[in-house]
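*Asks:* One structure coming up, written as structure tokens, with questions to follow.
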Amino acid sequence: MSRVRRRSPVSPSPLWGKLHTLWQDKHLVLFKTEYTLLVVSVLWFLEIGINLWVIQKVAYTEIDWKAYMDEVEGVINGTYDYTQLKGDTGPLVYPAGFVYIFTVLYYLTNHGVNIHLGQHIFAGFYLIMLLLVFRIYNRTRKVPPYVFFFVCCASYRIHSIFVLRLFNDPMAMMLLFAAINLFMDGYWTLGCGLYSLAVSVKMNVLLFAPGLLFLLVREFGLIRTIPKLSLCAAIQLFLGLPFLLENPVGYVSRAFDLGRQFMFKWTVNWRFLPEWLFLNRYFHLLLLAAHLLTLLLFAFRRWKRPGESIFELLKEPSKRKLPAQSSTIMLILFTSNFIGMCFSRSLHYQFYVWYFHTLPYLLWSGGVKKLADLLRVLILGLIELSWNTYPSTNGSSAALHVCHLIILLCLWLAPPLHSAQAEKQENSSVKDKRH
């Protein structure tokens with residue numbers, strides 16, 4: 001009598017298992033951070049359609065594009081003296097990287113005439129930057145996925161800055177987020193090079209510099225940090241060389257003008273002040289002092305690890321009691337930039353992109369447990385409303401400062417950085433690619 005063999009049950013495929021789990025958790029997809037990749041992927045593809053719709057249906061507004069084209073046209077025609085380069089809205093006040101990038105755009109858009117093509121190119125920049133931002137958030141998984149709807153689809157002002165105004169700020173931030181991705185992957189030298197390129201487009205990226213300097217010293221010690229700073233400086237010198245040879249003082253004073261005076265009518269953050277105080281140099285010095293003091297407080301009290309003296313940061317990483325690692329890169333860089341935004345002499349509408357994509361991370365990194373998700377979303381909404389109020393009002397400016405203050409206090413009350421043991425475990429799971 002032949003024996004009948006029983007068939008062993010077929011185990012479900014890994015894909016089927018993931019789909020089954022997804023179906024079971026369908027009501028939690030927008031709230032569980034393990035579904036971040038799924039949600040941001042859907043939103044990214046949705047953004048393609050949104051950008052095309054905005055370009056087709058919403059009228060383009062000329063602000064600085066024609067001035068950009070006039071400025072780079074002067075360089076194309078052989079003028080390398082920065083004091084002689086100007087457009088409709090005033091003199092050229094951006095570093096040399098801006099000139100080279102917008103020269104390429106000048107030729108791609110038929111000498112700046114084909115604005116419709118320029119809008120599509122900037123839509124491409126937006127989608128690339130969004131990929132870089134989403135990759136950062138997917139790596140950390142600190143923010144619930146539903147928040148990313150507010151990070152992209154819901155912001156009118158950000159879409160306007162990219163595809164309806166064609167400002168240079170988005171280009172600088174795209175390069176900046178690419179550099180941050182490299183920092184997180186351990187490619188510090190390459191990241192510093194890309195960071196310097198971002199600065200060469202617009203110097204607002206320097207607001208990240210205090211945090212980056214702190215991270216470099218913590219990762220490599222003082223001596224090994226110097227070559228990376230030298231690389232950043234060398235890139236600036238190389239890009240600016242044609243203009244430095246022609247008029248070095250003119251180039252530096254125009255491209256890196258830290259004392260530039262802003263117009264009161266465009267301010268988003270100080271509308272409630274009288275104009276004479278807004279323009280007062282002593283007020284500017286007070287803001288600078290508050291900016292530097294806040295940075296020092298965060299560096300000494302919040303960024304360094306518990307039990308670590310500030311002098312230990314100057315040692316070689318191998319000689320420290322607590323080895324350095326990169327788990328807090330985002331928090332330190334984003335906080336450094338945010339502090340600069342809080343104490344800025346003036347914020348114009350296109351400056352929103354300087355910190356917009358970092359706000360969710362900062363809010364969900366705060367140390368106030370009672371600050372529920374609903375309140376965090378409310379703060380994001382109030383900030384968006386403040387930046388969308390044109391012209392700004394006393395109320396919109398005051399609301400923006402209140403939101404900034406709440407975020408800053410939450411960051412100050414945030415828990416200490418990871419313990420040495422947690423950092424050691426994280427380091428062992430990621431291949432060290434530093435060079």
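The backbone N, Cα and C atoms fix where each Cβ goes, and this holds for glycine too.
Okay, these came from TrEMBL:
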- 35-55: transmembrane segment (TRANSMEM)
- 92-109: transmembrane segment (TRANSMEM)
- 121-137: transmembrane segment (TRANSMEM)
- 143-164: transmembrane segment (TRANSMEM)
- 194-217: transmembrane segment (TRANSMEM)
- 229-245: transmembrane segment (TRANSMEM)
- 282-301: transmembrane segment (TRANSMEM)
- 347-364: transmembrane segment (TRANSMEM)
- 396-414: transmembrane segment (TRANSMEM)
*Asks:* Would you call the transmembrane segment (347-364) and the transmembrane segment (121-137) in contact, using three or more Cβ pairs under 8 Å, pairs 6 or more apart in sequence?
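*Replies:* In this chain the transmembrane segment (347-364) contacts the transmembrane segment (121-137) - 3 or more Cβ pairs sit under 8 Å.
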*Asks:* Of the listed stretches (35-55, 229-245, 282-301), which one yields the highest count of Cβ-Cβ distances below 8 Å with the transmembrane segment (92-109)?
*Replies:* 229-245
*Asks:* So which of 35-55, 121-137, 194-217, 229-245 has the most C-beta pairs under 8 Å when paired with the transmembrane segment (282-301)?
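*Replies:* Top-ranked stretch among 35-55, 121-137, 194-217, 229-245: 194-217.
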*Asks:* At least three Cβ pairs under 8 Å linking the transmembrane segment (143-164) and the transmembrane segment (121-137), pairs spaced 6 or more in sequence?
*Replies:* yes
